[in-house]
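What follows is a set of notes on a single structure, which appears directly below.
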Amino acid sequence: MRSMNLVDLWAQQACLVFNQTLSYKSFNGFMKIPLKNSKINPKLNKKRPFSPLTVSAIATTKEDERIEAAQTEEPFNFKIYVTEKAISVNKALDEAIIVKEPHVIHEAMRYSLLAGGKRVRPMLCLAACELVGGNQENAMAAACAVEMIHTMSLIHDDLPCMDNDDLRRGKPTNHKIYGEDVAVLAGDSLLAFAFEHIVNSTAGVTPSRIVGAVAELAKSIGTEGLVAGQVADIKCTGNASVSLETLEFIHVHKTAALLESSVVLGAILGGGTNVEVEKLRRFARCIGLLFQVVDDILDVTKSSEELGKTAGKDLVVDKTTYPKLLGLEKAKEFAAELNREAKQQLEGFDSRKAAPLIALADYIAYRDN
């Protein structure tokens, strides 16, 4: 596989956008420090009003302290964040599905699940959980589940009866290694196990929130989510009169729904309020559509070697894409608009905790594969 390490590549690209760091503002509280071994004249200990000059001096001092603290605080490092999260997610995925009887189906599941990939969905899930006050353990099972379902969708999407692709993540597709029959079953098994894994392996979360997360995930991949988008996409292939509204329906459901669910699951399992969950839902819907717009752009501007999958396939099968409807430059402008709108939804959250989601949105916008 070409991926020099996809995580390193991803981080390097993101760091070019951010100059490797993101800064935040921080606010320090005031501490009262008692004077030890000091004798105070009672007459001088009487409360007296502050003069305007004294108040101004104190305010200036505290402002200087805040500025100094902000300058000395360690900035967010996206490369470190991505590397650490990817290691954690890959370890959890490896441990979740082990090879047992029947060997061939578990090997096929692991082949595609552990074949690399950017792990965007798991990272979004974990980042959203931590943003609302949860910890990684609360959402790790869900993060693995969304990656299992994403992998299922790729296995099925690559089948001869669908997109008929031979290359995925720089390697032969699942059906090229294990045959169409086993590939279908491997995808089915990943889908079923994803829900089992959330229920059995989620730690430190109330049952009601786990049930809510399961319902959210199920909805995102059924006839109100991924399946709806996939069916609409199939019906529109080869149709020269597909409208922009129809194209948006396809991608909001086919691509954005699972990305949206990844973020919402993290927010639910992290203990987020209804208001926080809905703000993050809007954020995720924007970056989900952004992901597809960028995908369409890359399909016509990059090679198969650069993408790790077959390039130019959309043009060959006459599939409607954003560059086809809008033109390449307008598609790029639309991507930038979606990125801006996504970030607006994060206003009001703690800036330090929101930094990973801001960085992930920028990665999606500026990625090269």
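In case you wondered, yes, glycine gets a Cβ from its N, Cα and C as well.
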Matching residue for the isopentenyl diphosphate site, where Swiss-Prot names LYS118, ARG121, HIS150 - out of ARG169, ARG209: ARG169
Alpha-carbon distance [ARG121 (isopentenyl diphosphate binding site); ARG168 (dimethylallyl diphosphate binding site)] in Å: 17
Residues LYS118, ARG121, HIS150, ARG169 [recorded isopentenyl diphosphate binders]: greatest CA to CA distance in Å: 16
Rounded inter-Cα distance in Å - ARG169 (isopentenyl diphosphate binding site), THR255 (dimethylallyl diphosphate binding site): 17
Integer Å distance between the CA atoms belonging to ARG121 (isopentenyl diphosphate binding site) and ASP163 (Mg(2+) 2 binding site): 22
Residue, out of the binding-site residues ASP157, ASP163, whose Cβ gathers the largest set of other Cβ atoms within 10 Å: ASP163
Environment of LYS118, ARG121, HIS150, ARG169, the listed isopentenyl diphosphate site - residues of the same chain whose CB lies within 8 A of the CB centroid: GLY117, ARG119, VAL120, GLU147, THR151, LEU154
